[in-house]
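A.B. asks: My questions will all concern the structure given below.
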Amino acid sequence: MQLLTIVWTSLAAGIMATATPTSLPLCSMVDRPCKCPPGTTFKNLTTYGVIGAPARDVQDIMGSSAVFDLQFQGGLVPSSTKGKDNVPGAVRSFNFSGPAGYYVISEQVCLRLRMNSGHVADVYKLTKWKTSPDGSFNQQYQQSPKPPVVQVPGAGAYHGGWTSIVGQQTVVRNETAIAWKNWRCETGETFPSATSHEGGITNTSAVLEKQGKLTGVSIAAFTIFNEVRDD
């Protein structure tokens with residue numbers, strides 16, 4: 001039921017986003033209907049799934065230590081790191097291969113909050129990190145500084161990207177609903193977000209299963225494109 005609620009909320013936001021682009025604010029970390037720079041494409045998608053484990057255990061994999069330790073993303077290993085894991089100022093960098101060459105992606109932690117309830121460079125900044133007593137969490141990060149144009153050799157270019165990963169403890173003690181949302185402005189196809197995020201949720205279940213913590217029912221990850229629009 002909670003997963004359906006999360007899905008419906010996201011779909012409703014997508015429906016609202018059909019407003020005339022010229023009347024919308026520029027895209028930012030604020031999750032709302034928005035417009036991209038002229039000549040680029042706006043993409044808004046969310047990957048959903050249920051992991052059969054308590055949110056606290058899911059958070060250990062996808063949240064609280066997931067700046068430098070990315071085992072849930074297929075063993076992705078940073079090529080370099082700076083600072084302390086998941087602490088403001090920490091930086092992780094990756095060497096990725098595009099269709100026509102290599103490029104470097106760096107992601108930086110900016111803010112962490114707790115709640116009691118060709119070579120190119122692409123920098124992302126963690127803008128929000130919230131947790132609740134039941135283990136639910138919300139992690140948000142964005143391309144930073146003010147979105148530069150980042151060329152991916154042979155694939156296109158980033159003109160801004162924003163991500164939110166929500167892990168919500170359900171009424172079932174050992175089940176966590178996941179909503180992994182990405183909205184971005186780009187030309188071409190910079191990154192297969194749907195495939196990557198679905199794999200990340202699946203891998204998290206696999207890691208927890210190896211740890212003997214996957215005791216509930218998991219629902220396979222799936223992605224809904226809320227909106228794709230040329231601006």
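The backbone N, Cα and C atoms fix where each Cβ goes, glycine too.
Heads up, here are the entries from Swiss-Prot:
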CARBOHYD  Asn44  N-linked glycosylation site
CARBOHYD  Asn95  N-linked glycosylation site
CARBOHYD  Asn174  N-linked glycosylation site
CARBOHYD  Asn203  N-linked glycosylation site
SIGNAL    1-19  signal peptide
A.B. asks: Can you tell me which of the glycosylation sites Asn95, Asn174, Asn203 is spatially closest to Asn44 (N-linked glycosylation site)? Compare CA atoms only.
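C.D. replies: For Asn44 (N-linked glycosylation site), the spatially nearest of the glycosylation sites is Asn203.
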A.B. asks: Quick one: give me the count of other CB atoms within 10 A of the CB of Asn44 (N-linked glycosylation site).
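C.D. replies: Excluding its own Cβ, the number within 10 Å is 23.
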A.B. asks: Based on Cβ atoms within 10 Å, give me the single least packed residue among the glycosylation sites Asn95, Asn174, Asn203.
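C.D. replies: Each of the glycosylation sites Asn95, Asn174, Asn203 was scored; lowest Cβ tally within 10 Å is Asn95.
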A.B. asks: Look up Asn174 (N-linked glycosylation site) in the DSSP assignment and reduce it to helix, strand or coil.
C.D. replies: coil
